[in-house]
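Notes for the one structure printed next.
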Amino acid sequence: MAAMVVGALRRGTATAGGSSRSFARSLPRPVSTLVVAEHEGGFVKPSSLSALAAAEAIGKDDNRVSLLLGGSGPGLHKAAEHAASSHPLVSEVLVADSDVFAHPLAEPWAELLRSVQHKGGYSHVIASSTSFGKNLLPRAAALLDVSPVTDVTSISEPRVFVRPIYAGNALCTVRYTGEDPCMMSIRSTSFSPTEAMSEAKVAPITQVDLSFLSEGSSGKSAWVNLKSQDTERPDLANAPVVVTGGRGLKSAENFKVLEQLAEKLGAAVGATRAAVDAGFVPNELQVGQTGKIVAPELYMAFGVSGAIQHLAGMRDSKVIVAVNKDADAPIFQVADYGIVADLFEVLDELLKKLPDKK
């Protein structure tokens, strides 16, 4: 009888132990998020503020959010002050003050991200899907031995995300089942930045320990220079109005007419890959799957046929106006307003009717 009781107790203990392990596995993991931010002119870039909005979508109540900035000089510290009051969820701003991080080279930044992750133990790491984020995230993920989730457009649960596939023609829901951290890049056009807080709440600013840096930290790449257009027009990725030209404009000279319209509207100028490949405009103006992803309030397309790769980069625009003499052009399938006409006649009429921007 005693043996039966002891056996039952042993079986009960074993079952209870298994249940406790199962229960432990089912417990929700604590959420903490590291946002890798970019800055310019002493301010956090809008794309990084969108990454903060994505962090809020992961968890609002129990989410410890740290924001990582790198670089050197007064601009970095001014940006850190801006970051400290940029979002109510930001609990700490981490600053890596070194000339090594003054330029967006993936090798030293990946080492920095690995070091910060090892010390912070974050459950999530977020970067915006900019050229910098796309370059950094895979390398850092490889160093941390995890698989990144890219181009996230929506967050359903802390580890369930939606991302576009097939050039934006389908949406895929993915669940991250790997080890921490869950690393992801987000489309900034899909997450609206939160308005700046009052100065009443300011997160502390902490210097990152850079003792991990060595002479080989810069890797096999070196910064050469940065070339940018000298223009007063807004940045293409964040402009509220975008005027885009395609191969139908026929020449670089005709793109100047489009630029006149952009000046009247206070808009950014974009281009299709065909226009870029033809040499009409530089490639930094390319909108599409392999160019800039935009979602302005107003998107005007002149002489754009609507190739699938181009539509992937602008289909989230609030209002789309298309002008093309081909009534069967695919661009009309996504346009809110379509004009089947000669684009040069339409441009001429618009330039006559629209007042100059003050």
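A Cβ is built for glycine as well, from the same backbone N, Cα and C atoms used for every other residue.
When other Cβ atoms within 10 Å of the Cβ of G306 (FAD binding site) are tallied across all protein chains shown, the result is 21. Summarising the annotation, Swiss-Prot assigns FAD binding site to 298-326.
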Quiz item: For the binding-site residues listed here (H310, K318), which one has the lowest count of neighbouring CB atoms within 10 Å of its own CB?
Solution: K318
Quiz prompt | Helix, strand or coil at D326 (FAD binding site) [DSSP, three-state] | solution = coil
Quiz item: Taking DSSP three-state, what's L298 (FAD binding site) in: helix, strand or coil?
Solution: strand
Quiz item: Going along the chain, which residues six or more apart from D326 (FAD binding site) have their CB under 8 A from its CB?
Solution: S305, V340
Self-check item: Cβ contacts of L298 (FAD binding site) (under 8 Å, same chain, 6 or more positions away)
Solution: P240, V241, V242, A267, S317, K318, V319, V321
